[in-house]
Every structure is written in C-alpha cells, then in structure tokens.
Amino acid sequence: MSFASILVLGASLASWALLLVTCRVILFAWPVDPWLFTLIQMMAGGIFLIAIAGRGKGFADALSDPFTWLYGGLRVATAAFFTAALTYTSTYNAAFLGIVSVPISLAVLWLILSRQPSRIELPGHCAVLFGFVFLAGSLDDGWRNPAIVLMILSELCVVASTLIAEFHPLNQTSDTRQRARLTGIMLLASAFVMLILATGFGFVAQWLPDLRSGIPETLTRMTDPSEVFNPALWISATLVGVVLRGPSLFLALKAIHHVRTEKYIAAMAGLPFLTFAMETLAVSFGWLAPSHSTQMTVFWGSVMTFGSLSVLIARSRKETVRHPHRETAPEATETNRH
C-alpha cells in the first residue's frame, strides 16, 4: 500500500474508535435513548456534509440511486444485529466475534467477483476462523448462544455495505466535495430507514399490544415525546454527528476507495483493541465505568486480530508485486455505474 492509503486507513480506524468511545462516554453520563442518539447523529452529520459540499454534480444521482438506500438499510441492520447480540454476550466478545467479517469477505468476494485470494493470505484467514471457533465455544451456552448467529448476520451486512461503498459510482473520485455529498446523503438515507422502522415498531407496540413483547424496548422509546424533546440528547447528538459521525463515514468511503473491501475490513480488525485502549483512558479520567474481559476473550481475540492483520499485510505485498507503481485506486468518471 502507498503511504497515502495507509494514512487514510489509519485515520478511518482512529475516527471510528473515537466515535465509539465518545458515544459510550455520553451515554454513560446521560441516560438518553441510544437509537435516537444515533439517528440524530446521522441527520446532523448528513445535513452538515451536504451543506458544506453544496448541491452540485451527483446530488440527484446519489439521492435516486437504489444502492444508496440499500447501503442505509444495511448500516441500520448492522447496528440492529450487533445491539441484539449484546443482550446475549459482552461488548468485548461481540467486538472480537465481529472479526469473522474477514473470512466472510473472502467468501463473498470470491463468489460474486471472482477475487481469488492468494495462498499467503490463507494462514491468516485460518487463524481468524480458529480464534472464532474457540471464542464462540467459550461463550455462555457455547454454540447455542444466539450472539454467534447475530454477529455473523451483522458482519454479512458490514461486508455487503462495504462492497456497495467500493463500487458506488459517486465514490470513484478524488473530488472531496463529491465524496462529502455522497457521505451526507448516505447518512440521511440511514437515518430515514431507522426512522421508518422506529415509527413502524412504535405503531405496532401501541395498536397491537400482543406483539409488543417481541419488539426491542429501545426502538419503541424513539417515538416517546419525553425522549424526543430532551435538550441534552439533541445538543450532544448534533455535536457528535457533525464532528465525528460524518467525518468517520467520509474517511471510511475514502479508505475503501483507496484499498478496496478486503483490505479495509482486514484493517478494521484492529478496531476492538484501539477502542479498548481509548476506553481505558476514559476510565482513568472517570468518564466511564470500568469494564472487564476474560483472559480467554482477550487471547482468542488477539489470535483473530493477528490473523486479520496478516491477511492485510499479505494482500498488500501481493498487490505491490502485481502493481509496483500503483499508488492509489484508479479514478473513474462520473458516468461509471455499478
């Protein structure tokens, strides 16, 4: 990888980690609804990016492109499956189980795009699967724990949304404003999908009480006026959306364009450890309550992380040999489609 690719990939990783920890700190300080908190972040970040980018070339195309809305739906599904998994296991376990996205991306891209992995990548993928099998087996109830299936579904959505971001026609550019515009529209699409789901669940909870027990309580709270009109919620969510949520997705789209899906997902395996390091710092300042993980979780999580990063290194070396003068992904024209 070129230095520019490494830089944007590292910036994306750090930005996501900072966003996750900041959200945890705020939710620890104020008992606001986490789904509504995320919804307002998406709206604020999206509106801000569109405002600074302006309604220029590609605005209508991004808004009408079905892949933009599919991306939004997949991002909401990713969060929903991950949140559901947390009812059955710890944040640490869920975060490390999520590294299974690396071999999932291999399988999906091989089947759909015929991107065959090199032999030097396979030991890394095997290490990830090896760690996943033993970590899953160490959970409460072992392989019967629903968190395993929920995290696999969540990571399938991650791979699919990353693939859409890689091939989205408006992300094939070096134009910062165009990418900012696309990022803003994607955030608004995600917020709209989340709002529709929350409204639907709220309607079901109110008018079909027999089905209420099957609906997550946090989703029904999104339509509660006492939650919606909480000033602390709006101020904190708007600031986080503008300062972190929007830039994080912008950097992610840029990184995916530079390094493609496989390497982006492999690099994101470092997110749990970076996040936990930032959380430890927050705990030392009293901003978060201490959280604990078992030695087995850390050990198998480390195995999976090591395997994922070895995949990243192997793929980077492979592409360096194949394209020794290639610095970044080739730019495409505005008219290119999926």
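Just so it is clear, glycine is given a Cβ too, placed from its N, Cα and C backbone atoms.
Curation plays no part in TrEMBL annotations; they are all automatic predictions.
In TrEMBL this protein carries:
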- 35-54: transmembrane segment (TRANSMEM)
- 66-88: transmembrane segment (TRANSMEM)
- 94-113: transmembrane segment (TRANSMEM)
- 120-139: transmembrane segment (TRANSMEM)
- 145-165: transmembrane segment (TRANSMEM)
- 185-208: transmembrane segment (TRANSMEM)
- 228-253: transmembrane segment (TRANSMEM)
- 265-289: transmembrane segment (TRANSMEM)
- 295-314: transmembrane segment (TRANSMEM)
Legend entry - Candidate ranges 35-54, 120-139, 145-165, 265-289 - greatest C-beta contact count to the transmembrane segment (66-88) (under 8 angstroms): 145-165
Legend entry - When counting Cβ pairs under 8 Å to the transmembrane segment (94-113), the leader among 35-54, 145-165, 265-289, 295-314: 145-165
Legend entry - Long-range neighbours of the transmembrane segment (35-54), counting only residues six or more past its ends (CB under 8 A): 23, 26-27, 79, 177-178, 180-181, 183-188, 190-191, 194-195, 198, 218-219, 221-222, 227-228, 233-234, 236-242, 244-247, 249-250
